[in-house]
């Protein structure tokens, strides 16, 4: 098995070098520098080396084994939203440190480090846009920012997005990836579960569509709240989805869990998600679902109305 993976990886590498030789001679030092600079990506599942440009063209899905690599919020928005239609919301909301929380370092220092490293103020981006010309309110969680944990800013931004969608009568799509509620904010982070759920209930009362997309991983308080409240719940292949961690459950039950436990495929089998959609098909799938749930026009077509009027006149 390992030999086959190495062979596939070497074949891909040789093909690329062969193409480069056709385009023009390069020296070994330049080739090594290009690999080190991120021109190549090694799949964590099958070990195949893929030209990063080709991997991005395939939405960061391994062309050999189909493994879905983790992507950031900007890449998600690029993949899903029609060009030049994205309008971000609440970009300047920033977390505070009301508990003066400190573990190995102060929470305020962690927030500052994340901002400096990633250019993000928190773990979600929200906004309005279009998916194949259909308007949508979209929230995209970003696992790079403190494990995608849900704090007061994440909760507030998602709640405001849902309220705006309800007012505009837009469907809501949330791309979920999270380790759960943010412990550094204590009860304030747990309150976001109820706040978002209440906003979604008002959205549902208005007979509007909500679709969560569960990606790897979706766990903790996010799973226990808005991730599982969708009208239609989608998941990416092989995504880890659950509440408590696998090791915690095994230690509590003192039992060995099945290999597919807490996977998207296992949840689909037991009815917790409605479908598993490969990332390359996600935009079109969302577009079709949104189109199917558009409200039926209440005004009769003009031709039908004219026919009814003529019939009424003739009868008189």
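Glycine residues also receive a Cβ, built from the backbone N, Cα and C atoms like all the rest.
Annotated features in Swiss-Prot:
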| type | residues | note |
| --- | --- | --- |
| DOMAIN | 39-308 | domain 'CoA carboxyltransferase N-terminal' |
| BINDING | 43, 46, 62, 65 | Zn(2+) binding site |
| ZN_FING | 43-65 | zinc finger |
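Sitting within 8 Å of the Cβ centre of 43, 46, 62, 65, and not among those site residues for Zn(2+), are the Cβ atoms of 44, 45, 47, 48, 63, 64, 66, 67.
Taking the Cβ of residue 62 (Zn(2+) binding site) as centre and 10 Å as the limit, one finds 20 other Cβ atoms among all the protein chains shown. Neighbour counts of Cβ atoms within 10 Å were compared for the binding-site residues 43, 46, 65, and the top value is held by 43.
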